[in-house]
Amino acid sequence: MNIFRLTGDLSHLAAIIILLLKIWKSRSCAGISGKSQILFAIVFTTRYLDLLSTFISLYNSCMKVIYIGCAYATVYMIYMKFRATYDGNHDSFRVEFLVVPVGGLAVLINHDFSFMEILWTFSIYLESVAILPQLFMISKTGEAETITTHYLFCLGLYRALYIFNWVWRFYFEGFFDLIAIVAGVVQTILYCDFFYLYVTKVLKGKKLSLPA
Amino acid sequence: GIDSQLKDEL
């Protein structure tokens, strides 16, 4: 555990809670991609199956349970509780174009050809692109609520901090994982355009809206 | 098999 890892996890937790609170307080999931949230629920489920087989630490187990629980709660709020406010027409990203290639890649490129390891690899690859339906939705509608941009910023910050964490682990533990690093860098790059808009617009008190 | 050592991460 190092400072980048811990702040990365906390940033990730903040993102998840910001999104849940936004939906709960406004009684609406307008502007939120249900497809991205389903993908994140799949990511957590396939990665944290080791909750049942391996104990790492209390911190590790608790965070995993919280992440999975929040992911399913978010999906429930979007597709069940506040379904009437879900903007399905604008959430039109074709997720099969992500899930199928990512599944194929996980079978082809992994550390070990075993069920658990392939699912872990699948979750790493899927997480790197799971935000695309959300970014696609924003580019389609041309705007995002400020609270949604805070959610995206925390999520992107978590990825960036994890990269620093891996640099740290490489220097101090002599360990690196190419699969996670490549997927993590891809994921962080996807946020760069958004980071730019966040700093130049949202932090200056303006709403995030894209030029028509 | 050779598993990833990153299993302690989230």
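Cβ atoms here come from the backbone N, Cα and C positions, even for glycine.
TrEMBL lists A:65-82 (among others) with the feature transmembrane segment.
Residues or ranges marked as transmembrane segment in TrEMBL: A:94-113 (among others). If one looks beyond the transmembrane segment (A:94-113) by at least 6 residues along the same chain, the residues whose Cβ comes under 8 Å of a Cβ in the stretch are 35, 38-39, 42, 119, 121-122, 125-126, 129-130, 132-133, 177, 179.
Listed as Cβ neighbours of the transmembrane segment (A:119-138) (distance under 8 Å, sequence separation of 6 or more from its ends, same chain) are residues 31-33, 35-36, 39-40, 42-44, 46-47, 49-50, 87, 90-93, 95, 98-99, 102-103, 105-106, 109-111, 144, 148, 152, 155, 179-180, 183-184, 186-187, 190-191, 194, 208, 210. Summarising the annotation, TrEMBL assigns transmembrane segment to A:119-138 (among others).
What TrEMBL lists as transmembrane segment is A:150-168 (among others). If one looks beyond the transmembrane segment (A:150-168) by at least 6 residues along the same chain, the residues whose Cβ comes under 8 Å of a Cβ in the stretch are 2, 4-5, 7-9, 11-12, 14-15, 18-19, 22, 131, 134, 144, 176-177, 180-181, 184-185, 187-188, 191, 194-195, 198, 202.
According to TrEMBL, the transmembrane segment annotation covers A:174-199 (among others). If one looks beyond the transmembrane segment (A:174-199) by at least 6 residues along the same chain, the residues whose Cβ comes under 8 Å of a Cβ in the stretch are 109-111, 121, 124-125, 127-129, 131-132, 135, 149, 152-153, 155-156, 159-160, 162-163, 166, 208, 210.
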